[in-house]
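Noted in Swiss-Prot for the protein shown:
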- 1-33: topological domain 'Cytoplasmic' (TOPO_DOM)
- 34-54: transmembrane segment (TRANSMEM)
- Cys37-Cys85: disulfide bond (DISULFID)
- 55-67: topological domain 'Extracellular' (TOPO_DOM)
- 68-88: transmembrane segment (TRANSMEM)
- 89-92: topological domain 'Cytoplasmic' (TOPO_DOM)
- 93-113: transmembrane segment (TRANSMEM)
- 148-168: transmembrane segment (TRANSMEM)
- 169-184: topological domain 'Cytoplasmic' (TOPO_DOM)
- 185-205: transmembrane segment (TRANSMEM)
- 206-218: topological domain 'Extracellular' (TOPO_DOM)
- 219-239: transmembrane segment (TRANSMEM)
- 240-279: topological domain 'Cytoplasmic' (TOPO_DOM)
- 280-300: transmembrane segment (TRANSMEM)
- 301-320: topological domain 'Extracellular' (TOPO_DOM)
- 321-341: transmembrane segment (TRANSMEM)
- 342-348: topological domain 'Cytoplasmic' (TOPO_DOM)
- 349-369: transmembrane segment (TRANSMEM)
- 370-379: topological domain 'Extracellular' (TOPO_DOM)
- 380-400: transmembrane segment (TRANSMEM)
- 401-438: topological domain 'Cytoplasmic' (TOPO_DOM)
- Gly436, Gly437, Arg438, Leu439, Gly440, Lys441, Ser442: ATP binding site (BINDING)
- 439-459: transmembrane segment (TRANSMEM)
- 460-465: topological domain 'Extracellular' (TOPO_DOM)
- 466-486: transmembrane segment (TRANSMEM)
- 487-498: topological domain 'Cytoplasmic' (TOPO_DOM)
Amino acid sequence: MSTSKSENYLSELRKIIWPIEQHENKKFLPLAFMMFCILLNYSTLRSIKDGFVVTDIGTESISFLKTYIVLPSAVIAMVIYVKLCDILKQENIFYVITSFFLGYFALFAFVLYPYPDLVHPDHKTIESLSLAYPNFKWFIKIVGKWSFASFYTIAELWGTMMLSLLFWQFANQITKITEAKRFYSMFGLLANLALPVTSVVIGYFLHEKTQIVSEHLKFIPLFVIMITSSFLIILTYRWMNKNVLTDPRLYDPTLVKEKKAKAKLSFIESFKMIFTSKYVGYIALLIIAYGVSVNLVEGVWKSKVKELYPTKEAYTIYMGQFQFYQGWVAIAFMLIGSNILRKVSWLTAAMITPLMMFITGAAFFSFIFFDSVIAMNLTGILASSPLTLAVMFGMIQNVLSKGVKYSLFDATKNMAYIPLDKDLRVKGQAAVEVIGGRLGKSGGAIIQSTFFILFPAFGFIEATPYFASIFFIIVILWIFAVKGLNKEYQVLVNKNEN
């Protein structure tokens, strides 16, 4: 009897630690490996792209890249994807897009990166044009280092195309609903484990003691890893199509039904929906406020990171460390987030994100505005300079804001849709995706880039007081929006219960 109980206990423990059935490993493990490779590239690209742009062009250029290059490129990429869907089958689309990224990584690694003087315009010409046209100097500087700008854009598109679109489309196609409940939680843990691995890889290859290649080509091994990873993604995808999608135990094509088209609204229709429904408007305001406030702090923080770590290698190593902490904090929030939601009210759970942003943002900006006071009173005690402390608090703010997003912010936002009637829920969510998604991601960059165009003599140092003021105004509006949405939410919940 005791043996039977012990076996049952071990069986239950195994289901908690590894909820995948033995026969499902053939499907889950290659899918998980694909996701790991995609995320290894994703987190490596995120660390490197800023290192090139910030140190060679300037931190201010990031807002211009996001607004005027990345956003249009994402739209063009989606148009091309839709066209490919009309002429190729899904498997071949995956090969075409992944091969495009692989080809670009090879081109950048062996041509654009090693020979910048051959591909970039003359530095003196760019400087003279920047002085002649100060309002457009950041556009001119971006053109002057166009290969780094293209790398930044491709890095941004990798996350959108490879992870959000191709991987999840494939996973959703071949994963049954009963499997998804167990598979997807494990994917979440795996996704965040790729971040610490990236940190270790970057730290090793860019360390000054690692002498695999010449000093001016330190990034080559990282590019080779990304190229290899891209090859492995293609090979794994091919193997799954040959061995998993042909196994009736793991995939039944008759169960793949045509899904009803999601409600799609135009930009104008989305605006009308948000302005005519106070409830939907509040949800949109939450998403916009999150995106804009994160971008405003992130821009200032990266300018301070550049001051502390002025070289490409040092900056990239630091961003790798940032990914390390972000990965573990995200895992921690994933584990505790569901418990928080079960034990507190919707209002309390929804308030955690803006209050955390306000407190950490206030600490970050305090170390910038009062650096001389801190230097006199705290530097000796804390054995750190005001700049180091500002960078540290900026990292804490960014790590927490991204960690809390996936566990609490997204969960409370999605809960807010539940009490709505079906028509408003479907159309409202579509409207929020169009307006909130676009303005949230690009809103902060638009504010910053417009500011630098109107005031060309300003950099982040001079503009920080203005960006800080906008940040606090937006977070306060966010808090009021949460309170307003909670009132509407409680009315609908009580109405539905009665």
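Note that Cβ sites are derived from N, Cα and C of the backbone, with glycine treated the same way.
Structural mapping of features recorded in Swiss-Prot.
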{"residue": "Cys37", "record": "disulfide bond", "Cβ within 10 Å": "24"}
{"residue": "Cys85", "record": "disulfide bond", "Cβ within 10 Å": "11"}
{"residue": "Gly436", "record": "ATP binding site", "Cβ within 10 Å": "26"}
{"residue": "Gly437", "record": "ATP binding site", "Cβ within 10 Å": "15"}
{"residue": "Arg438", "record": "ATP binding site", "Cβ within 10 Å": "16"}
{"residue": "Leu439", "record": "ATP binding site", "Cβ within 10 Å": "18"}
{"residue": "Gly440", "record": "ATP binding site", "Cβ within 10 Å": "22"}
{"residue": "Lys441", "record": "ATP binding site", "Cβ within 10 Å": "19"}
{"residue": "Ser442", "record": "ATP binding site", "Cβ within 10 Å": "21"}
In contact by Cβ distance (the transmembrane segment (280-300), the transmembrane segment (439-459); 3 or more pairs under 8 Å): yes
Sorted by sequence, non-Gly436, Gly437, Arg438, Leu439, Gly440, Lys441, Ser442 residues with Cβ within 8 Å of centre, ATP: Ile287, Ile288, Gly291, Ile435, Gly443
Interface present between the transmembrane segment (148-168) and the transmembrane segment (185-205) (three or more C-beta pairs under 8 A): no
Between Leu439 (ATP binding site) and Cys85 (disulfide bond), the C-alpha gap once rounded to whole angstrom: 28
Beyond the flanks of the transmembrane segment (93-113) by at least 6 residues, Cβ under 8 Å: 81, 84-85, 119, 147, 150-151, 154, 158, 161-162, 166, 170, 217, 219-220, 223-224, 226-227, 230-231, 233-234, 237
Range from 34-54, 68-88, 148-168, 219-239, 466-486 with the greatest count of C-beta pairs under 8 A to the transmembrane segment (280-300): 466-486
For Gly436 (ATP binding site): DSSP state (helix, strand, coil): helix
Residues of the topological domain 'Cytoplasmic' (342-348) by DSSP state, where helix covers H, G and I: 5 helix, 0 strand, 2 coil
C-alpha spacing of Cys85 (disulfide bond) relative to Gly436 (ATP binding site), in angstrom: 27
C-alpha spacing of Cys37 (disulfide bond) relative to Arg438 (ATP binding site), in angstrom: 28
Long-range Cβ neighbours of the topological domain 'Extracellular' (460-465) (under 8 Å; 6 or more residues past either end): 59-60, 299-300, 303, 365, 368-369, 448, 451-452
Cα-Cα distance linking Lys441 (ATP binding site) and Cys37 (disulfide bond), given in Å to the nearest integer: 25
Helix, strand and coil totals (DSSP H, G, I; E, B; other) for the topological domain 'Extracellular' (55-67): 9 helix, 0 strand, 4 coil
